[in-house]
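**Student:** Pulled these features from TrEMBL for this protein:
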- B:17-36: transmembrane segment (TRANSMEM)
- B:45-67: transmembrane segment (TRANSMEM)
- B:79-98: transmembrane segment (TRANSMEM)
- B:105-122: transmembrane segment (TRANSMEM)
- B:122-399: domain 'NADH:quinone oxidoreductase/Mrp antiporter transmembrane' (DOMAIN)
- B:128-147: transmembrane segment (TRANSMEM)
- B:159-179: transmembrane segment (TRANSMEM)
- B:199-223: transmembrane segment (TRANSMEM)
- B:263-282: transmembrane segment (TRANSMEM)
- B:294-313: transmembrane segment (TRANSMEM)
- B:361-384: transmembrane segment (TRANSMEM)
- B:404-423: transmembrane segment (TRANSMEM)
- B:444-462: transmembrane segment (TRANSMEM)
């Protein structure tokens, strides 16, 4: 079986990273921003799994498992804070969070 | 290695991480006890006991080494800062707000300290990532613990910024892994890579995560907001322990990359450091909120700490260790004063006008702390800055590098500028007259604690035995 | 045997996935009785009425339970790789059974920490399905209840317009 060249995975991962970063930078809704961060993390996971093809110990895949779980934990924290924000500000729009001085 | 040997190696390694194991086990115990005994005092006692027990389990500097198949490298700085972290962590329970926090607060503080402790020795990309994230997650949560409208705002801002930085760092780590073929920082050979452009991008992204933890430009934006609204005792921990741990980690990574042979990275690091000092100092100049002012000051201090890491060899490490230790103590004392003032809603310097009429003694103590933050005698702040500048000057004379000279000039200018904002506080307390009535701020207990805290700053200046001991211990072991 | 390239495998996966979805939906379409009514045609939204913007506030218990579920569910990822190797006889034999003990203890610590999380959530009352408590009014009216009964019994005749 001829495998898919490594470059293809890297290109997809780089695309995911850029898409995620673009979402983080442009979207105003906090949930969308979290989705962007999630995309960026998955870009890194794809990279790790692709690279671990050359690693007999599969270190990259183990790393990816850990980062998936950490991403879930991060989202849980973010949503818990967002729930409180929604209660106090009645909005999940990041532009509305402007009570602190700059 | 055969599987059997590997397993026995892991079991043997466990004895070296007693400190971290006690912190994690103790934090879980605290969580369980907190559910049974609801009083905050119980969790404070458990918190202190866990830290003290952990301190006794720090392995001696005589058996340093590499454990867990290279994943953890226990070095001199690891030994030193494990002790320092458990020592500084205890101070939090003396803060006037300590009784108001639920037991989860102390659980999260222990998590921050445990994550930072792992950062001190982590040498494996996965362990580094886990340690940074453990510290970060606990910090995100701690930011919210005043449960006000704006604390949640600061919390989500901190989280989104940190999440983006760590996602980029993870991507960088994946590139490093791909190009070097290993996750162990010590085994990476950056010189072997044929076409290092992508690897360098990965390296920069990865270092970004550490810059975020130690609040260096351009990853410093979260600092003023977070420090302003987070509970002051949490800020005292967050501004000291994860920062020092992040610098130790950054130091290890930069050593592995061999920053003095990779000139471009060296220039980037120096530029980041200078920008940090400039932005921290200029930002602090226009602040009237004391917490925000010290936050910007803490950014500038990060630049100084980075300067210590630029000096290779023993001199640099000793300068760093001294600066980190003294900075930690000064910051904890400063935030103690802030938290006493905050308790009476006196956070703006204008509110402090005429305070000397009722609180002349406490005002004097605050003045000493501000002098220590600037770095003038007779406080330990002078000792560390003087040593750092001497070391930088010595290193400049060896290499005659204009970057180092620039760093030195910027740092000196920052000290001059910092006179203006730090001395604003004593200026308002002693020289301004207030329009209205001045209330008294402190109670006798707080004055005693504040006196003890401040005396430490003076005592370390007068008899720097501890500092010399540290230097000897670091020097006696081959670096 | 045809030589498959990596891309062909991916293509087969996509076709297989699409085929699976199409087949199940087709089978459902053939087997189920079709008796639509208004309630059935609305969007399914976990028991909430699908009116207004979807960004509105749902009942808080949905979020909390979902968050807790998310955390415990993802942690299970760690158990899958462990389950494939922990009872490996070859590894056990080469280490005189140390391997089995080692992986068992490790996993028990891991599950123990998870259990502690569950205990915390439970003790905090996050798992209780909050029911609205009917509040009895403490207001005491001066008009006796019998007066209302009297009025209710009275029959009113519609006035002719």
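Each Cβ is built from the backbone N, Cα and C atoms, and glycine gets one as well.
Curation plays no part in TrEMBL annotations; they are all automatic predictions.
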**Student:** Which range wins on Cβ pairs under 8 Å with the transmembrane segment (B:105-122): B:79-98, B:199-223, B:263-282?
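**Tutor:** Most contacts with the transmembrane segment (B:105-122): B:79-98.
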**Student:** By a Cβ-Cβ criterion of under 8 Å, what residues six or more beyond either terminus of the transmembrane segment (B:79-98) are in contact with it?
**Tutor:** 19, 40, 44, 47-48, 51-52, 54-55, 58-61, 64, 109, 113, 116-117, 120, 231-233, 236-237, 240-241, 244-245, 248, 321, 324-325, 328-329, 332, 335-336, 339-340, 342-343, 446, 449, 453, 470, 473-474
**Student:** Given the transmembrane segment (B:361-384), which of the listed stretches B:17-36, B:128-147, B:294-313, B:404-423, B:444-462 has the most Cβ pairs that are under 8 Å apart from it?
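**Tutor:** Of the candidates B:17-36, B:128-147, B:294-313, B:404-423, B:444-462, B:444-462 scores highest.
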**Student:** Among the recorded stretches B:17-36, B:45-67, B:159-179, which has the greatest number of Cβ pairs closer than 8 Å to the transmembrane segment (B:128-147)?
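**Tutor:** Selected stretch: B:159-179, with the most Cβ pairs under 8 Å.
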**Student:** Need a quick answer: max count of Cβ pairs under 8 Å to the transmembrane segment (B:404-423), which of B:17-36, B:45-67, B:159-179, B:263-282 is it?
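**Tutor:** Most Cβ pairs under 8 Å with the transmembrane segment (B:404-423) come from B:263-282.
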**Student:** Residue list, the transmembrane segment (B:45-67) vs rest of chain: Cβ under 8 Å, 6 or more residues beyond ends.
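**Tutor:** Long-range Cβ neighbours of the transmembrane segment (B:45-67): 12-13, 15-19, 22-23, 26-27, 29-30, 33, 73-76, 78-80, 82-83, 86-87, 89-90, 92-93, 106, 109-110, 113, 123, 186, 473, 477.
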